[in-house]
Amino acid sequence: MALLGTILLPLLGFALLGLFGKRMREPLPGVLASGLVLASFLLGAGLLLSGGARFQAEWLPGIPFSLLLDNLSGFMLLIVTGVGFLIHVYAIGYMGGDPGYSRFFAYFNLFIAMMLTLVLADSYPVMFIGWEGVGLASFLLIGFWYKNPQYADSARKAFIVNRIGDLGFMLGMAILWALYGTLSISELKEAMEGPLKNPDLLALAGLLLFLGAVGKSAQIPLMVWLPDAMAGPTPVSALIHAATMVTAGVYLIARSSFLYSVLPDVSYAIAVVGLLTAAYGALSAFGQTDIKKIVAYSTISQLGYMFLAAGVGAYWVALFHVFTHAFFKALLFLASGSVIHALGGEQDVRKMGGLWKHLPQTRWHALIGALALGGLPLLSGFWSKDAILAATLTYPFGGVGFYVGALLVAVLTAMYAMRWFVLVFLGEERGHHHPHEAPPVMLWPNHLLALGSVLAGYLALPHPLPNVLEPFLKPALAEVEAHHLSLGAEWGLIALSAAVALLGLWAGFVFFQRKVFPAWYLAFEAASREAFYVDRAYNALIVNPLKALAEALFYGDRGLLSGYFGLGGAARSLGQGLARLQTGYLRVYALLFVLGALLLLGVMRW
């Protein structure tokens, strides 16, 4: 029952704030919501330290409501509630004075409750409840300022695109049920230790579940919703689109590693999609001018790295990057929020610059976040990214092509990370006046996230240094044999990874301080700003034709129904008109008789 309590605590916050939040004064709703998330973190940590926990209750015939806290789900619980708590505290200051203050924290708590349902689920239907729940909560949070039509449209777009992936999730569950008669993750894991039932159909189930992950984690081709999701308040971007919801797809693959480890072709497809998405996100980040959209495309790219790791079979490495990414990406979003707060809502990086001297604490948060993203040696992002690069060469579904592609993306990542930092904090001031530093309630969470961005990678250092995370996670994951590199080869790859990161950071720092750019770069930047016209292509090839078809069907239905109901109306009107002729006066009938006879004679003569 205590395990269920980790979900019920934030759910209680949602209920209390939804019912009584308007009667509470600031900052009480934020304090209450943050306190309940912290309580959930402490409860989950205590259960994990005591050896894990289970909860099971009757739900549907043959489908119990089952929860499991093992090392994998416990690891995700600590990320969701730990980083989530810091973002809640930050939002107390960021959302101050907003008329929807209590509503915001109600939605925030709902999201945490649904995310915990997703990660603790021991069956796919229970996971799907959390899956849909975080989709609903993200819809409410992205469209939080719903009176702005553009923001409301962005929320709908995110919701609809994710439904495509959700359909894949449901169909995948249906196939697994048909094959094995159960959707319990623990039971399926045991069943697949023996001979596989219908490998082709099982591969289709794996692809369909992967489609669900593609939608939730914004992978090619369903990545178009995430940049538009920046319409929500900045803490929403940090919580949902950096640390938690968008990594749900990676978690689904890791939790289903018993399935994907026996499907090499599907795993290879996952790795290919991951690498392509990593490259697409990195290239698209260069042209963005919105401070949050640069970080959003970076998120797409980093999620691609995670899928690449999971695809080659390095499930624990993918989760390692989930962990480090939660810190430095949340830090980048919240540092962006502090900049937006300092500039009175301005988000265009072309109107920034020179903020280094005005924001003495936020500048360090931003620098640490950018360097961790860029893979500066010894920061957390370096260790997890290096582990991904090494995994492409040592795990069974990897290969040299994956390594080279990931290495090139690492250079691009370091360059656009420096572009973001240079445009915002360095150079001359452009278009802003009297920026002010964020209040302490917004700075302290960033201090802790910055600390995590530096230190989180030290949980899994390369051989022969200590690696705590791999032995902690591996018992909950499928066993995939990886061949080990020699010590010299391993550290040679680390040196190459470090050199590539330093080269990219230096090149980005130098190149983006220029005032005039070459023509080739301006052409590339223009295409990058439009994300290489993918959205436009989708609108032209899919959205607009479907919209035209829907409108044609609508007007066709309306005309058909109007005609159908019009026949009855016409008969009724005719009857009412004829009824008026029945007056009961003999002279009227005589007149009508004479007129009818004359009409008949006229017709006969004609």
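The backbone N, Cα and C atoms fix where each Cβ goes, and this holds for glycine too.
Annotated transmembrane segment per Swiss-Prot: 1-21 (among others), in sequence order.
The list of residues near the transmembrane segment (29-49) in space but at least 6 beyond its ends in sequence, with Cβ under 8 angstroms from a Cβ of it, reads 2-3, 5-7, 9-10, 12-13, 16-17, 21, 69, 71, 74, 77-78, 81-82, 84-85, 88-89, 91-92, 95, 101-102, 105-106, 108-109, 112, 116. Taken from Swiss-Prot, the feature transmembrane segment applies to 29-49 (among others), supported by sequence analysis.
Annotation source Swiss-Prot lists transmembrane segment at 104-124 (among others), citing sequence analysis.
The transmembrane segment annotation in Swiss-Prot covers 165-185 (among others).
The transmembrane segment annotation in Swiss-Prot covers 206-226 (among others). If one looks beyond the transmembrane segment (206-226) by at least 6 residues along the same chain, the residues whose Cβ comes under 8 Å of a Cβ in the stretch are 131, 135, 157-158, 161-169, 171-173, 175, 241, 245-250, 252-253, 256, 259-260, 263, 266, 269-270, 273-274, 276-277, 280-281, 296, 299-300, 303-304, 306-307, 531, 534-535, 538.
What Swiss-Prot records for 266-286 (among others) is transmembrane segment. Long-range contacts of the transmembrane segment (266-286) within its own chain (CB-CB distance under 8 A, at least 6 residues past either end) are made by residues 203, 206-207, 210, 214, 218-220, 223, 253, 260, 294, 297-313, 392, 397-398, 402, 405-406, 408-409, 412-413, 415-416, 419-420, 524-525, 528, 531-532.
The feature transmembrane segment is assigned by Swiss-Prot to 303-323 (among others), with sequence analysis given as support.
Sequence annotations record features per position, and here Swiss-Prot assigns transmembrane segment to 325-345 (among others) based on sequence analysis. Taking Cβ pairs closer than 8 Å, the transmembrane segment (325-345) reaches residues 79, 83, 86-87, 90, 94, 234-235, 237-239, 241-244, 247, 291-292, 295, 298-299, 302, 306, 351-352, 355, 358-359, 362, 365-366, 368-370, 372-373, 379-381, 384, 420, 424, 432, 435-438, 442-443, 445-446, 449-450, 452-453, 456 in its own chain, all 6 or more past its ends.
Cβ atoms under 8 Å from those of the transmembrane segment (397-417) belong to residues 264, 267-268, 271, 275, 278-279, 282-283, 285-286, 294, 298, 301-302, 304-305, 308, 311-314, 370-371, 373-375, 385, 388-389, 391, 496-497, 500-505, 507-508, 511 of the same chain, restricted to positions at least 6 beyond its ends. Summarising the annotation, Swiss-Prot assigns transmembrane segment to 397-417 (among others) and lists sequence analysis as the type of evidence.
The transmembrane segment annotation in Swiss-Prot covers 441-461 (among others) and rests on sequence analysis.
If you look up Swiss-Prot, you'll see 492-512 (among others) marked as transmembrane segment. Among residues of the same chain six or more beyond the transmembrane segment (492-512), those with a C-beta under 8 A of the stretch's C-beta atoms are 371, 374-377, 382, 385-386, 389-390, 393, 407, 410-419, 422-423, 462, 485.
Summarising the annotation, Swiss-Prot assigns transmembrane segment to 584-604 (among others).
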Long-range environment of the transmembrane segment (165-185) - Cβ separation under 8 angstroms, sequence gap at least 6: 62-64, 66, 68, 121-125, 127-128, 131-132, 135, 191, 197-198, 201-202, 204-216, 222, 255-256
Cβ-Cβ under 8 Å with the transmembrane segment (104-124): same-chain residues at least 6 beyond its ends: 3, 6-8, 10-11, 13-14, 17-18, 21, 29-30, 32-33, 36-37, 40, 54, 56, 63-64, 66-69, 73, 76-77, 80-81, 84, 88, 91, 95, 98, 130-131, 133-134, 136-138, 140-141, 144, 169, 173, 176, 183-186, 233, 235, 239-240, 244-245, 248, 251
